[in-house]
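Asks: The domain 'Sodium/calcium exchanger membrane region' annotation in TrEMBL covers B:28-180, B:207-345. What TrEMBL lists as transmembrane segment is B:30-48, B:60-81, B:93-114, B:126-147, B:159-178, B:208-229, B:241-263, B:275-298, B:304-321, B:333-351.
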Amino acid sequence: MKKNAFFIMLIVTFALSGIAHYAHWDMIAQFAFSAIAILFVAGFLGKATESVAHYAGQRLGGFLNATFGNAAELIIAIFLVREGLFDMVKASLTGAIIGNLLLVLGLSMLLGGIKFKQQHYNVEAAGHNATLMIMAVIGLFVPAVFVTSENFSVRKDEILSLSVAGILILSYLLWLIFSMITHKDILADEQAPPDHGEEPAWSKRTSVLYLITATVMVALVSEWLVGTLDTFSARFGLSELFIGAFVIAIVGNAAEHSAAVMLAMKNKIGAAVEIAIGSSLQIALFVAPVLIFVSTLFGQTMDILFTPIELTAIAVAVFIAQSVSRDARTNWYEGALLIMVYLILGIAFYLV
Amino acid sequence: MKKNAFFIMLIVTFALSGIAHYAHWDMIAQFAFSAIAILFVAGFLGKATESVAHYAGQRLGGFLNATFGNAAELIIAIFLVREGLFDMVKASLTGAIIGNLLLVLGLSMLLGGIKFKQQHYNVEAAGHNATLMIMAVIGLFVPAVFVTSENFSVRKDEILSLSVAGILILSYLLWLIFSMITHKDILADEQAPPDHGEEPAWSKRTSVLYLITATVMVALVSEWLVGTLDTFSARFGLSELFIGAFVIAIVGNAAEHSAAVMLAMKNKIGAAVEIAIGSSLQIALFVAPVLIFVSTLFGQTMDILFTPIELTAIAVAVFIAQSVSRDARTNWYEGALLIMVYLILGIAFYLV
Amino acid sequence: MKKNAFFIMLIVTFALSGIAHYAHWDMIAQFAFSAIAILFVAGFLGKATESVAHYAGQRLGGFLNATFGNAAELIIAIFLVREGLFDMVKASLTGAIIGNLLLVLGLSMLLGGIKFKQQHYNVEAAGHNATLMIMAVIGLFVPAVFVTSENFSVRKDEILSLSVAGILILSYLLWLIFSMITHKDILADEQAPPDHGEEPAWSKRTSVLYLITATVMVALVSEWLVGTLDTFSARFGLSELFIGAFVIAIVGNAAEHSAAVMLAMKNKIGAAVEIAIGSSLQIALFVAPVLIFVSTLFGQTMDILFTPIELTAIAVAVFIAQSVSRDARTNWYEGALLIMVYLILGIAFYLV
C-alpha cells in the first residue's frame, strides 16, 4: 500500500471509530468500526516501532514498544481496580501474560519461521528472560501456597501481597539498570547486516513522535473496542473470565502483536522476542505489583492471589515459552507449538 | 553367538511359546517359555533396527523403531479400551512413558557410558525433544487442573478431552513434517565415522522385511506373556496399578529396550535417545490421544484425566530426563540417576 | 588487617564466647560475644579453605569446604533427632538448602559480580549440579505426593521413606565416584591464570590443619550461638519454623557463607558455586537421608515427608538457582534475583 493511502485510511477509520463511540451509535456498528480501525492504528504503531528500533537498537526498541503497549493496559486496569473489579483485573493480567508468551511469540516464530528457516538472537538475553519468567512465576506462586495451606488472616495476606509486590518491582527496576546500563553490551543482538538501501522512512525525531501518537491512538481504539464487549459477552454467552483472559487480552495486545510479527518477518526476531517476552515480564513484574499498591491507595488492597487455573495457565505458558526460547534459535514449529498450547488454554477457559 | 545358532534359538523359543499359549499349558510354563522367547525376538528386533538404521540414518531409524515398538502397545491398548478398562489403559500408558524415559534411556546411557567416557548427539534434536516432552506434560496436566478445580460436568470433560487429544495429535503430525521434511538436516546426527569393515549383515530389503517380522513376533510374544500376568498378580499380591505401570510396561518395551541399549553400546547414542524419548513422546502425543478417539467410536469416551500419582510420575520422569538430555552429552552417571528415579517410582507404585 | 592482629582477635573473641557460654553469663552477653566470634572464626575458615583450594583445585576444595561446613549441621541435627524434634530438624534442613542456594549463592554472585562484570565456571559441572538438584527435589516430592494422595499406612510410609533415603545416599555416593574419579577432568574448572606473586600464606600441611581447626571452632561457636536463640524467639515472638528455617540456617552456614563470598570476590566463582550448591546437595542427598536411618537406630523412624510450604520453598529455590547457574556465567543481577527470592520466602515464613 502506498504511504499516503495508508495515512488516509488510518485517519478515516480512527475518526469513524471515535465518532461511533462518542455519538453512541449501535453497538454492532461501534464494534465493526473500532475493529477495522485497530488494524490500521496497530499497523501504524508497528511501523513507528520499527523505525525507532532502527535508531535505538533492537533491544531498546523492543523495550520501548513493550512499555508503550502496556501503558494502555495499565490505564484500563487502574479503572477496573478503582471499581473493585479485582477478579477481572487478574483475569486480564493472566490473559496478557499468556497472550504475549504464547500467541504473540508463537505467531512471530511461526510466520518468521515460514520465511526464514532458522532465526537467531542473543543467547544471553534468552537466558535472562527465562530466569525472569521463573521469578515472575515464583512471585505469584509462593503467596498462593502459603496463604492457602497456612490459613493466613486477611491482614497477613495483605502484608505478604504488598511485600512480594515491592520485591517484584525492585527486581524489575534492577533489571532495567542491568539491561540498559551495566550489561547493555552483553545483551545486545549482534549487529544485523545493514539493510542495503533500506533507509528508515522517517527521521529519528519523527519516529519517536509517531511512536507516541500511535500508542495513544491504539489505547483509545482499544478502549472503544473493549466498551462494546459487554454486549457481546451477553449475546454469545461468554463468561467474564474468558472475556478478561482472552478477548480483552487479544485486543489489548494488538499493538505488540502486529509490531512483533512484522519484525519477525523482517528477520529481526530478537526485537520480536523482546516485545513479546518483555511485555509479559513487564506485566508480571511491574504492572501487576503496581496495581496492588494502587488498590491500597484506593482504600482496599487487592491481594496477589491468582486462582489455581490462572496460576496453571501462567506456569504452563512460562514453561513452554522458556523451553522454546532458551536456545536463542527459533523456527516455525516452535511457534506452532506455542499456539497449540494457547489453543488448549483457550478451550479450557471457554468451558469454565 | 553364531548367526545360525541365533536363528535356530529364535524360531524354537518362539514356536514353543506359541504352542504353550494356544494349547493352554500350565500358566507357569506359559510364562517361562514366553519370557525366554521375548529375549530372542527382542534381540532379533534390535539387530533388524540397527541394520535399517544403518541405511536410513540414526534418526529415521530411531523413529521407525519407536513406531514399530509402539504398534504392539497400541493394539493391546485398543483391546483394553474396548473392554472399558480405562484405568488399566492409563496405568500402562504411564508405565510406557516413564519406562522409556527412565529405564530404557537410563540403561542406554549407563551401559553406553561405561564403555565410552562421554557420548554426544545432536543438540538441536535434544532441545526439541525437551520442548515436546513439556508439551506432553501440559496436554495431560491442564485438563486435570481445570476439571478438578472447576467441577466440570461430564459433558465438558468430554469436550475438553477430545479437544486436547486433537491438538496433541496435530502437534505430533506437525512434528513429523518438521523433523522429517522441513528441518531434517538440522536435526540429523553428524555423520558418525564409517564403521571400518563393519558392513551391515543384511541387504536393505532384507533388513526392512526382518524389521516388520520381528515387530510382529515381539507383539505376539508380548501378548502371550501379558496373558499370564493375571495369575501372577493374584499369586504375588500385586496391584493392578503396579502390573499396568511396571510389569506390562517393562515387558511391552523389551523391544525398544534391547534395540536402544545395543545401539548405545555401539556409540550410536543419538539413535538410542531417539528410540527412548521418541517412543515416550509418541505414546503421550499420539497413542494416548488416538485411544481417546477410539473410545468414542466404541461408544464411551475415555477422558484424558490421569490420577495425581500418574501425573506426578510422568512429570518427574520428564523433568529428570530433559535435564539429563538437554546438553546432548551423556555419561554413565546420568544413566544411573534415571534408573534411581525409576526405582523410587517403582517402590512407590508397589506400595500403593 | 595485619595477620597477627587477626589471629589475636580470633583467639580473644573465641575464648570470650566460650567463657560466656560455660560460665552461664546473661543470654544477651552470650549472644553478643558469640555473634562477634562467629565473624572471626568464619573468616578464619574462609582463609583456610582458600588456601586448601589453592593446593587441591577449586572443585575438591569446594567439596571439602561443603563437607566441613555440613559436619557441624549434621551433629546438631543428630541431637535434635535423638530428642524426637523431627519438625525442627526438617525446618532446619529446608533452611540450610534454601540458605545455600539463595543467600550464599546469591551473595557470592552479587558481590563477585559487582567486582567482575561476568564470571565463568565449568559448564559441565553446572549441568550436573542442575540435574542433581532436580533429583533432590524428586526424592523429597514423590513420597509426599504418594503418601498424601494414597493414604499410606504408617508402616508403608516408613518403608517408602527408608527406600528413598537409601536411593538418595546411593546417588550421592555414585556422584562422588563420578566427580572425583571417573570424570574428574571433565568437571574441572579451567586453570585460572596464575595469581602473579600471590603465594598462599600457608604450607599445604598447615592449611589442612587450619581447615580442620577452623571447622571445629565454627561448630562450637555456632552451637553456643544457637543455644541463645530460644530466649530470643520468646522475646521477639518468632515461630519455631522461622527460627529453624532462617535463623539457625543463616548462623549455621556462616562458614560456607564467608568462604564462598571471599572466593567469588577473588574471581574463583567456580569454587564459590561448588560450596553453595555442593553444600545444599549434600544436605538433600546425604545429610537428610542419613538422619532418617539414624532416627531408626534411635527407635522411631523420622519420615521423609516435608510440609507443603517446605517443599514449595525447596522447589522454588532449586528452580531459580538452576535457571541462574545453568549457563555457567554469573553476574550481579543473577545474584540479586536469588536474594530477592530468599526475601520473599523469608517474609512468608515469618508470617506463618
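Every residue gets a Cβ built from N, Cα and C, even glycine.
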Asks: At a C-beta cut-off of under 8 Å, are there same-chain residues at least 6 beyond the transmembrane segment (B:159-178) that contact it? List them, or none.
Replies: 128, 132, 135-136, 139, 142-143, 146-147, 152, 281-282, 284-286, 288-290, 292-293, 296, 301-305
Asks: Hey, which of B:30-48, B:93-114, B:275-298, B:304-321, B:333-351 has the most Cβ-Cβ pairs under 8 Å against the transmembrane segment (B:241-263)?
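Replies: The stretch with the most contacts is B:93-114.
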Asks: Quick test of the contact rule: Cβ under 8 Å, at least six residues beyond the ends. What residues does that give for the transmembrane segment (B:275-298)?
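Replies: Contacts of the transmembrane segment (B:275-298) (Cβ under 8 Å, skipping residues fewer than 6 from its ends): 49, 62-63, 65-67, 69-70, 73-74, 77-78, 81-82, 86, 89, 93, 96-98, 100-101, 104-105, 108, 129, 132-133, 135-136, 139-140, 161-162, 164-166, 168-169, 171-172, 175, 253, 256, 259-260, 263, 304, 314, 317, 321, 325.
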Asks: Could you tell me whether the transmembrane segment (B:93-114) and the transmembrane segment (B:333-351) have 3+ CB pairs under 8 A, leaving out pairs under 6 positions apart?
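Replies: In this chain the transmembrane segment (B:333-351) contacts the transmembrane segment (B:93-114) - 3 or more Cβ pairs sit under 8 Å.
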Asks: Establish whether the number of Cβ pairs under 8 Å between the transmembrane segment (B:208-229) and the transmembrane segment (B:30-48) reaches at least three, counting only pairs separated by 6 or more residues.
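Replies: Answer yes: the transmembrane segment (B:208-229) meets the transmembrane segment (B:30-48) with 3 or more Cβ pairs below 8 Å.
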Asks: Go ahead and report the DSSP secondary structure tallies for the domain 'Sodium/calcium exchanger membrane region' (B:207-345): helix first, then strand, then coil.
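Replies: The breakdown for the domain 'Sodium/calcium exchanger membrane region' (B:207-345) reads 115 helix, 2 strand, 22 coil.
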